[in-house]
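In TrEMBL this protein carries:
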COMPBIAS  246-268  compositional bias 'Basic and acidic residues'
DOMAIN    59-187  domain 'TFIID subunit TAF5 NTD2'
REGION    241-297  region 'Disordered'
REPEAT    345-378  repeat 'WD'
REPEAT    415-447  repeat 'WD'
REPEAT    457-498  repeat 'WD'
REPEAT    499-540  repeat 'WD'
REPEAT    541-582  repeat 'WD'
REPEAT    583-624  repeat 'WD'
Amino acid sequence: MDEEQVVKFVETYLKKKGFKQAELAFHDEVQHNSNANSVDIHSDPDLSLLLLSLSQSEDTPARYHEEYRKLRSWTHSSLDLYKPELLRVLYPVFVHCYMDLVAKGHIQEARTFFNSFREDHETVHSRDLQKLEGVLSPSHLEEMEFAHTLRQSKVNLKICQYSNELMMQYLRNTKSTMMLGIVNEHINFQVSPGQPSSISDDAEVVTLIGNSQDAANQINKKEIHWGLLEDSLEERLEKAGGLLSDSEKTEGDAKEGDLDETKKRSVEGGKQGASVKKLKKDKAASATAKVVRPETNTSSIAPRVKSELPLPVIPTEVEQSILEDLRNRVQLSSAALPSVSFYTFINTHNGLNCSSISQDGSLVAGGFSDSSLKVWDMAKLGQQSGNSVLQGENDTAPSEHVLGPNGVKRSYTLFQGHLGPVYSATFSPLGDFILSSSADTTIRLWSTKLNANIVCYKGHNYPVWDVQFSPLGHYFASASHDRTARIWSMDRIHPLRIMAGHLSDVDCVQWHANCNYIATGSSDKTVRLWDVQSGECVRIFIGHRSMILSLAMSPDGRYMASADEDGTIMMWDLSSGRCVSPLMGHNSCVWTLAFSCEGSLLASGSADCTVKIWDVTTSTKVTRTEEIKTGSANRLRSLKTLPTKSTPVYSLRFSRRNLLFAAGVLSKCK
């Protein structure tokens with residue numbers, strides 16, 4: 001091999017690997033040094049051996065299998081201190097070895113390689129492996145967006161400096177050129193000084209799908225306005241609250257003879273002065289008033305923004321009712337936890353897919369696999385049976401006035417119209433409407449007053465997993481298997497906006513408090529925030545290791561909570577796009593999240609048959625400096641765990657007065 005052949009070989013190699021800048025630099029160097037002394041390739045044995053190995057055919061499938069097997073054996077035999085970090089490299093290398101074999105047409109060898117090592121990654125990456133298993137030809141690498149994205153982007157891996165040196169030294173010493181090429185082309189090592197971190201300390205160690213971190217960071221620089229709406233009912237109550245608080249304080253003074261103390265509470269309590277009566281009646285709540293006060297001011301501190309959507313007009317009588325609820329709201333904190341009302345579905349025969357609770361807890365809905373939607377009026381249920389157990393037996397009764405098998409009036413209203421299982425249901429803020437989404441690709445609007453279907457919305461091409469009303473009603477958002485989220489209004493049968501960008505199913509959707517944004521959680525393990533007006537993605541949140549199942553927005557609009565299939569809950573700062581704190585405690589899927597009305601507590605319901613209450617004010621006060629010192633975000637434990645006795649929790653809802661409602665299905669009968 002003469003010098004000209006070497007130059008041509010190096011240029012070809014750089015071009016093949018996509019090192020464009022290196023290729024241009026090398027080409028310039030060759031031109032500028034054309035008269036320099038030539039190098040005798042054969043006089044340098046190391047260089048000669050390297051070029052020989054590189055010039056050998058790279059199409060040998062056995063090399064992928066053998067080099068990966070040796071790398072796997074080496075990582076598993078490494079020192080325990082560095083093993084967790086080194087093991088992280090195996091999964092992305094495994095994925096790209098498989099796709100390289102497919103790209104070169106070695107389909108049978110690719111299948112053999114895949115089946116030989118898939119068990120190593122089944123526990124953490126089972127969903128990704130199912131998608132990867134469908135890549136069976138070179139054309140799939142371009143046609144399937146999942147595979148195409150993996151081929152085009154790099155994986156970010158956090159690793160300490162010594163682990164990085166060990167890895168590179170091993171690959172060079174063993175002349176594992178195939179593995180070295182994959183590492184250089186598809187893995188971006190984020191090297192940090194100091195000791196290695198365990199894999200449990202880092203939620204972003206391996207994120208294969210979605211945009212690269214650089215692209216996500218670029219999107220997260222976009223400006224967002226997370227404040228609350230101007231002239232909201234809460235703001236009106238703040239402005240009028242002073243007079244109301246003064247009158248209540250005067251009454252309290254006459255009763256307790258403690259005028260100075262009452263004035264002090266009113267000043268410190270700010271807009272929550274209307275709850276002074278409650279504080280006086282409850283000494284425990286009074287003792288925790290200092291804890292409550294910082295949270296009570298969060299909405300008043302939040303900036304005010306204008307709505308980008310024409311908002312519906314709230315009737316005067318409804319507005320007065322809401323204001324009354326706000327005045328009588330119970331203030332919650334880490335020392336003053338909410339009362340809980342739990343509704344249990346029984347006899348559902350594994351047919352219940354979802355549940356929803358109205359704002360005041362008076363109505364409970366369940367979506368079933370037989371395509372039916374059933375709504376229980378809790379007042380009538382209490383009159384008839386004296387308990388809060390919801391019978392979910394299969395039948396075709398049109399309303400609660402039809403007699404059941406035992407001659408007793410059924411306690412629910414049956415809504416029929418869908419042609420497939422009902423996967424989601426949501427009540428309007430006033431409880432007069434309910435939306436349901438189904439596997440039949442449609443969304444239906446039902447009237448709880450007329451007990452009838454009003455509209456059928458069509459637009460999605462595949463099953464609709466979730467649907468949610470906006471905080472003020474009229475508008476709603478849907479999430480589907482077709483990888484899109486859509487914005488709708490009740491008076492139009494076609495969507496107003498289509499949000500496309502996720503690489504897999506959009507599993508859940510949630511509105512921002514000011515109605516200008518929606519958040520979507522996906523099976524691609526990312527959460528995205530979308531501008532309702534423009535339809536653009538303005539934030540990408542990367543950190544979860546499994547599909548996102550539920551979302552919740554804080555009342556002040558600054559924070560968002562997301563929960564996944566593994567039971568991990570993450571608190572996000574919308575303005576910066578970073579994770580404030582993971583909340584660890586559940587050991588199974590978290591299906592529902594709900595913030596308390598003042599935003600100090602977060603409730604989570606899980607398939608592990610528990611409801612957990614979290615003090616989120618502690619997590620949001622962690623400073624960036626403290627996070628850097630500790631090396632990762634602080635992990636919080638729940639304040640309270642409420643076991644639900646073999647009843648997985650499907651839905652949670654805080655009423656305007658801060659009573660927590662929960663619904664679940666009895667999975668075991670004793």
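Placed from the backbone N, Cα and C atoms, the Cβ positions cover glycine too.
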Inset, instruction - Mind checking which residues of the chain, 6+ beyond the ends of the repeat 'WD' (583-624), have their Cβ under 8 Å from one of its Cβ atoms? - result: 272, 292, 294-296, 298-299, 329, 331-334, 337-338, 340, 342, 549-556, 558-559, 561-571, 573, 633-654, 656-658, 660, 662, 664, 667
Inset, instruction - Sort out the residues at least 6 away from either end of the repeat 'WD' (345-378), same chain, that have Cβ-Cβ distances under 8 Å to it, and list them. - result: 388-394, 400, 411-416, 418-427, 429-431, 434, 436, 438, 440, 446, 448, 650-653, 655-656, 659, 661-666, 669
Inset, instruction - Give me the mean pLDDT over the repeat 'WD' (457-498), rounded to a whole number. - result: 94
Legend entry - the repeat 'WD' (499-540), counted residue by residue under DSSP: helix, strand, coil: 0 helix, 24 strand, 18 coil
Legend entry - Helix, strand and coil counts within the repeat 'WD' (457-498) (DSSP): 0 helix, 22 strand, 20 coil
Legend entry - Helix, strand and coil counts within the repeat 'WD' (415-447) (DSSP): 0 helix, 20 strand, 13 coil
Legend entry - Three-state composition of the repeat 'WD' (541-582), taking helix and strand from DSSP: 0 helix, 23 strand, 19 coil
Legend entry - Helix, strand and coil counts within the repeat 'WD' (345-378) (DSSP): 1 helix, 20 strand, 13 coil
